[in-house]
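Quick look at what TrEMBL lists:
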| type | residues | note |
| --- | --- | --- |
| DOMAIN | B:23-266 | domain 'ABC transmembrane type-2' |
| TRANSMEM | B:25-43 | transmembrane segment |
| TRANSMEM | B:63-89 | transmembrane segment |
| TRANSMEM | B:110-132 | transmembrane segment |
| TRANSMEM | B:144-165 | transmembrane segment |
| TRANSMEM | B:177-196 | transmembrane segment |
| TRANSMEM | B:243-261 | transmembrane segment |
């Protein structure tokens, strides 16, 4: 990000040369990142790209091997307690006490973050209303669905009025309705108060509404900017073509070069050249089953940058290791 | 002030969880009942001995009176060590993270947790004291106050000990096996259920008991916890009365420091 200065006081998050290794594997490779105040920021990347590692380091529960990071002006290595007071975190897995009620979980959080009794009471009322859990105030959390738990965690992370809210894959495992709900809560909140939201996700449609997006892969930030900037800079118009026979496929490949082959056997080719449609259809129009044109989307940006489709996923080796590490992080 | 609020929040959570756990409460009530009513009453008539041809009481107390302070210790031991299960629980179910990302320093979080376990353990110790009347043990308010201080120190030390163990054990099952494998031997070798007759010299004691047993009893720190409570509640000490409070304080400090060391690393 060149358009923002790196003054820690003016930006919600400033990260310089942050590095983390797990043994010989480099999880974060000198990551640089600047997030201005009051932005909706998305960290986009395939599984194992280093998103969760980055979030964990910023939340001060994992120590970096090198580099610096400032949260709302506090150095996370030197003033971790101050940095923590300014952030709210929603982890991938629930971290509620499921034997306590919704109210008790929130009350616990408020006390630990030193929220005054009157503010705590008012904040709990407001936030329970925001996430539509007022009726469940005195229900034990064990009885909640995963969507309700996630909502309660978001409410909890906001109770101490943090300046930065981290959400690590907040919508994974939720149905479409709950996902939409969570985004609408966040929108409402950002209208009400100064809040920088950092969200990791691999649902690309969720990223379209963010102010700034960083794409991370193999522990490196490979692109950042607003969604439209990214589309301009890296997006290509592509055509998805399903040829009738292998000979046609070879011919198309020879002439246009392929960006990628889909699993179903269709080819994705660069369609950004002027007059592409005429030229292509004139030559191959009768030898293809199907063709569709994609205007630049973040999906195609991602494809261009990483050579992978975001949805081609399944927990790979790296992510599994991360998950195991999360369970027993003590050794 | 903020720090106290945070410690209080963690303490409150521990206490709430423990009070909602029916099983633990039932254990806390049934264990002392069993020991007082069955062991105590059953063995009461046999608690007198013949040493070197001379028939006399081993000590000038009934057996129920003799084991009563030890039952207080037993109940505290079980509850303290059990309360550390919540450490494993928090780690497994993610709640630990909520605490780790909070602005509360690690030592305060740990202190709140251990004080919570300590409170419940002292409470379970008090459940035994309710039975004092049936054990024919009477004590003044001052004795009770001093007893509570000792009980608190013991509970604090043992809860810290439990947390240390929980930090090194990953599973609930492992912890259950462990606690039974450690609590009962410690309890039985603390001169809780049989006295080492203070009227006898060490040489004479060794005639009555095998040396290994006497040595274990003398090295077992719980021995001095039991002795301190006996001195307080029935005015009977088998060892130097000043040893009890010292050992209790040392246990509390050493294990808390150890637990803190482990937790900081986490």
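Sequential numbering from 1, following the chain as shown.
Backbone N, Cα and C atoms are what each Cβ position is placed from, and that goes for glycine too.
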Task: Stretch among B:25-43, B:63-89, B:110-132, B:243-261 sharing the most Cβ pairs under 8 Å with the transmembrane segment (B:144-165) - done: B:243-261
Open item on the list: Contact between the transmembrane segment (B:243-261) and the transmembrane segment (B:25-43) is defined here as three or more C-beta pairs under 8 Å separated by at least 6 residues; is that satisfied?
Closed with: no
Open item on the list: Looking only at the recorded stretches B:110-132, B:177-196, B:243-261, which one has the largest tally of CB-CB distances under 8 Å to the transmembrane segment (B:63-89)?
Closed with: B:110-132
Open item on the list: Which residues of the chain, 6 or more past the ends of the transmembrane segment (B:110-132), have a CB below 8 A from one of its CBs?
Closed with: 6-15, 18-19, 24, 28-29, 32-33, 36, 68, 71-73, 75-76, 78-80, 83-84, 86-87, 138-139, 144, 147-148, 151-152, 155-156, 158-160, 162-163, 233, 256, 259-260, 263
